[in-house]
Amino acid sequence: MSKLNVNKVVVAYSGGLDTSVIIPWLKENYDCEVVAFVADVGQGEEELVGIEEKAKASGASECYVVDLKEELVADYIYPTLKTGAYYEGKYLLGTSMARPVIAKAQVEIARKVGADALCHGCTGKGNDQVRFEGAFAALAPDLKVIAPWREWDLVSREQCLDYLAERNIPCAASLTKIYSRDANAWHISTEGGVLESTWNAPNEDCWVWTVDPEQAPNEAEYVTLQVEKGEVVAVDGEQMTPYNALVYLNEKGAKHGVGRIDIVENRLVGMKSRGCYETPGGTIMMEALRAVEQLVLDKTSFEFREELGLKASHLVYDGRWFTPLRKSIMAAADELAQDVNGEVVVKLYKGMATVTQKRSENSLYSEAFATFGEDEVYDQSHAGGFIRLYSLSSRIRALNSQK
C-alpha cells in the first residue's frame with residue numbers, strides 16, 4: 001500500500017514506548033511535521049510529569065496537553081450512566097467512553113495547527129482503532145489517518161527500544177512489561193500476563209486502585225449521594241462537580257475494594273479478551289442511580305430504560321458515539337431521568353456497595369398501597385377482574401387447543 005502524502009500530523013501521545021517510537025517513525029516514513037497531543041482524562045498526574053519534554057525529545061515540533069477530565073465525566077460518562085449501560089452485563093465501559101472525547105479533542109488540535117492528518121497508536125487487534133477512526137470519520141472525514149501498528153514491522157518491545165536507542169531518543173520504558181493498562185477518571189484496566197490464561201486466577205498485582213476486599217477495613221463506611229435528573233450532584237452533603245464527585249467516590253470505594261471485575265469480553269474485531277477492571281466510584285454511582293430509578297420509574301419506563309442501556313452499551317463499546325442513534329438513545333434516557341431525583345445511602349464493605357436507604361420526592365412507592373397489613377386504600381377483590389383480562393389470551397389459546 002502506497003503511503004499517504006502528509007505535511008503535518010497530530011498524534012495522540014501518551015508518553016509510553018509505543019507513541020515515543022511513533023513520532024520519529026512518522027517523521028522518517030512520511031517526511032512530515034509531527035505535533036503531539038496529550039489527553040488528560042484523569043489517568044494520574046504521575047503520567048503527565050515531563051510529558052511535553054518527552055514528546056519534543058522524541059521529535060515533536062509542539063505538544064498540546066488538554067485537560068478533558070470534567071468533559072469526560074459530564075458529557076460522556078454521565079449520559080452513558082443514565083442509560084444504565086453495562087457491556088455484556090458487567091463492564092462499565094471505562095475505556096470505551098474515553099475514546100470519543102480524546103478523538104474529538106485531537107481533531108480540534110488538528111484544526112488549530114492546520115494539520116492534514118491524524119495518527120493513533122492502537123494495535124490492529126483491538127477495539128480502539130475502530131473507536132478512534134470511527135470518530136475521525138464522523139468529525140473530520142477530510143483528514144488522513146495513519147495507524148503505524150498496521151504498517152510497521154516492529155513486533156516487540158525490544159525492537160522498539162532498539163529503534164529509539166539507535167536514534168539517541170531517551171525512553172524510560174523497560175524491556176519487560178507484564179501487563180497492558182489503560183486508566184482514566186472512571187476506571188483502570190489490566191490485561192495480558194497471567195490473565196492470558198482463563199484458568200489462572202488474577203495475581204494481586206493485576207489490581208492497581210482497589211484494596212483486596214479480604215484486606216479491606218472490618219468496619220463498614222457509608223456514603224450519601226444526592227441525585228438530580230439522573231446525575232450525582234452532591235456527596236456526603238457537599239455539592240461537587242461531576243469529576244470531583246467521581247474522584248471522591250473512587251477514593252472511598254477503592255479503600256473498601258469496591259468495583260473489581262474479572263471478565264472475558266467479546267471484542268468488536270471478533271476475538272475474545274480477558275481483563276481485570278476496577279471502577280470503584282462508578283460502581284457506587286450506578287448502584288445509587290438504580291436505587292432512585294426503582295422508586296421513580298413506572299414499570300414500562302423502567303423496562304424501556306433497560307432496553308436503552310443494552311443498546312447504548314453496544315454503541316459505546318463499538319465506537320459509534322458520534323451517530324444519530326447514540327444521540328437519540330441518550331436523549332430518551334435523559335428524558336426518563338427528569339424525575340430521577342433523590343437521596344441514597346450506600347454501604348461500602350469488603351468489596352460490596354450496598355444501598356441501605358433511599359428516598360425521593362418523586363417516588364411512586366406508597367406504603368399505604370404496598371403494606372402487607374390491614375388495607376384501607378386497595379380493594380383486593382378488584383384484582384380478580386384484572387387477572388381475568390390479563391390472562392385472556394392464554395385462556396383462549398388453551399380453549400382452542402381443547403377443540
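Any Cβ shown, glycine's included, is placed from N, Cα and C.
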Field: Which of A39, A137, A138 belongs with A12, Y13, S14, G15, G16, L17, D18, T19, S20, G121 in the ATP site listed by Swiss-Prot
entry: A39
Message: I'd like to know which of the binding-site residues S96, N127 has the most other Cβ atoms within 10 Å of its Cβ.
response: S96
Statement: Among Y91, S96, N127, R131, S180, S189, E265, Y277, which the record lists as binding L-citrulline, the farthest-apart pair of C-alpha atoms sits at a distance in angstrom of 19
- prompt: Which ones are near G121 (ATP binding site): of the binding-site residues S96, D128, S180, S189, which have a Cα within 10 Å?
  reply: D128
Task: Let me know the DSSP-derived helix, strand or coil state of N127 (L-citrulline binding site), please.
output: coil
